[in-house]
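Marked as domain 'NXPE C-terminal' by TrEMBL: 22-72. Look at TrEMBL and you will find 255-732 tagged as domain 'Cas1p 10 TM acyl transferase'. Taken from TrEMBL, the feature transmembrane segment covers 271-293, 327-345, 357-377, 398-419, 454-470, 476-496, 508-528, 559-577, 598-615, 657-677, 683-707, 728-748.
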Amino acid sequence: FKGGDTCEYLLSSGRFLGEKVWQPHSCMMHKYKNSEAKNCLIDKHVVFIGDSRIRQLFYSFIKLINPQVKEEGIKSTDCLLSLQGNSAFFLQDFLWYPEVNGSMRQRIKSWAEGSVAKPHIIVVGAATWSIKIHNGSNEALAQYKINITSIAPLLEKLAISSDVYWVLQDPVYEDMLSESRKMITNEKIDAYNEAAVRILNSSSRNSKAKVKVFSVSKLIAQETIMKSADGLHLPESSRDTNAMILMNVYCNKIMKPIDGSCCQPQPPLTLIQKIAFCFFTLSIFGYLIISLIHRNNYRKNKSCTDLESGEEKKPAISTPNVSTLEMLLHCFCKLGLIMTYFYLCDRANLFMKENKFYTHSSFFIPIVYILVLGVFYTENTKETKVLNREQTDEWKGWMQLVILIYHISGASTFLPVYMHIRVLVAAYLFQTGYGHFSYFWIKGDFGVYRVCQVLFRLNFSVVVLCIVMDRPYQFYYFVPLVTVWFMIIYATLAVWPQIVQKKANGSCLWHFGLLLKLICLLTCIYFLSYSQKIFSFWPLSKCFELNGNVYEWWFRWKLDRYVVFHGMLFAFIYLALQKHQMISEGKGDPLFSNRVSNVLLFISIVSFLTYSIWASSCKNKTECNELHPSVSVVQILAFILIRNIPGYVRSVYSSFFAWFGKISLELFICQYHIWLAADTKGILVLIPGYPMFNVLVSTFIFVCVAHEISQITNDLAQIVVPKDNSTLLKRLLCIAGFFSGLHFFSAMQDQSRH
């Protein structure tokens, strides 16, 4: 389903999410702050013309710029407001013309003919006074049609250079109308609205000279007019929604907010994006050509038979270079098609997008559903060690699914859920510290090949998305985070003296040496947490900048600064206990003696619940974030002990969660553009009008794409990162040249924008 003209949808259709959140039919509406509204309307002249209902809309619009403005003065007079601030000037006028008559025409004519300076935005609407004064007579309706017919060409002429909006009349709540307004019925209002819609733009063939009909106010009023104080005027929340819609219609194309897709034009392709699409196109054609050549050769070889023996000859084996080239082009061919889908979903105005809206049911019901599925697919583990491969995949899997539900439901607005999700993100980083420390400690492999393999698998898909989607590296914040922590772990253990398990077995002093290294790491982390400047220097700033500063990186890094260290320390203690046979990891056996296991299990359950109670009672996000780095490890360790102390629990795992755990990184990255939308600010809508069916379809595609990208990354890692050091060094130089060229093109692009 094509998104279509999102401006038209914004002005004409939508629905309420809950009681106060308005959702346009096909796009996302941005909630403008005062500073944003001022930046958009600086030196702009905005005029509202009409009756008391238009006057109320005028004041709601003004309050988006300055909330301190009060509705003052006689309601049946003009109101001229000039707002001044920090050398910026805003001119907002309300002109009292309660009827569409000769006086209104004369005012509009003065703008159309240029005798008076044209406003940038004109909002017009009137009808209820004509109904009231003439007691709802048919003659008044006929005169209304004549008058609006004479005004329409003038408005269309103004619409060539200004934004002109005709506000249709809202329905009334007839039971609440006073006796003097009883003649204003919804039937009469519909007749006047029908006349206005039929006459406006009827003679205009120029799309740029069209008056925009503001009909969405009718839909909003139908839901809220019962809360009106007099049955005629809308409640304040509805007027504010109308004002915000007007702000989106005019300002979105100027301010280009990420979470405001309504009325935004499709962004032009950058030079880097054009090069990327050319590369993927060539890869697709190259793969098709090579596949055809190989298929023809295979058929020829298969048809060749030895006439003497009657045996079929074996086809010639392709050379390794050709085979590698074909595999490489195959990967880039699939990746090109996938990236095209990414671009169509979140950059082209092809599919619809909607705002998130949080309810408790939208978060907790899917959580219960996936929990039941996870328990249903329970299998025995191949090994029964603490945090074995199946168990860590399971852990990553269910955490990733919970985080996905958290993102699509907009649960970040609910603080208790937010605090628990912060623990899940910390648990990912804990596993980063645990996993990489265990590998280096046991294997002692500090070679360049291992480092390049890990860095490639972590960063490949993100680098491609940065190019195709025109986003900075820090935008996908989790990948930079785990990349930096991997390099910190590597540097800590690889720096002289290199202490590994094989060496430490000979003397206990090496264990103290490693503890000393970990203490030095903890000290560095502590002091770095008080110095943001170190990340502001080039070239670190280029990697971690988002919106011109490194604050986002600083916030993410500082929030979980100790948990990777906790993961490394846990791995060291666990491996030491395992080496000295102080724990029992047999199938069905408790981890410790029965008494110790029961005590630790009780303490773990109490600690787990205590943290959850504290997080659920949290009132201030800033204060809780300050405590989070120090206390998040409590719930993580409690979970590990609960999951591993009982032998029967340690011996089973959920294959359902483990499957998702194997592609957890790809799921986290892909959600940005093909499951969520507008860079995670909204929800992608492939099938409008059927929310549940839409989520099922988009989720299926999203998971398949994530799985495919995982396979592509693994295949390319084997090709791009060779084991031979000399070949690897040459390719690293090529990659350095590639990023230098990328930086050059990016600099050229920035200059052209400025």
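Using N, Cα and C of the backbone, Cβ positions are placed for all residues, glycine too.
Given the structure is predicted, the values throughout are model-derived calculations rather than measurements.
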Recorded stretch, among 398-419, 454-470, 559-577, 683-707, maximising Cβ pairs under 8 Å relative to the transmembrane segment (327-345): 454-470
For the domain 'NXPE C-terminal' (22-72), the number of residues DSSP places in helix, strand and coil: 20 helix, 9 strand, 22 coil
Hey, which bits of the same chain come close to the transmembrane segment (398-419), Cβ under 8 Å, at least six residues off its ends? 356-360, 362-363, 366-367, 370-371, 374, 425, 427-428, 615-619, 621, 624, 628, 654, 657, 660-661, 664, 667-668, 671, 675-676, 680, 683, 695
Six or more residues out from either end of the transmembrane segment (476-496), which same-chain residues have a Cβ under 8 Å from its Cβ atoms? 425, 428-429, 432-433, 436-437, 440-441, 446, 451, 454-455, 458-459, 462, 465-466, 517-518, 520-521, 543-544, 546, 552-553, 556-557, 560, 564, 568, 665, 668-669, 672
Distant-in-sequence neighbours of the transmembrane segment (559-577), which means Cβ under 8 A and at least six residues beyond its ends: 386-387, 422, 425-427, 429-435, 437-438, 441-442, 481, 485, 488-489, 492, 501, 511, 514-515, 518, 521-522, 525, 528-529, 583, 625, 628-630, 632-633, 636-637, 640
Give residue numbers and ranges for long-range contacts of the transmembrane segment (598-615): same chain, 6 or more residues beyond its ends, CB-CB under 8 A. 416, 419-420, 423, 592, 624, 631, 634-635, 637-639, 641-642, 645-646
Over the domain 'NXPE C-terminal' (22-72), what is the model's average pLDDT? 90
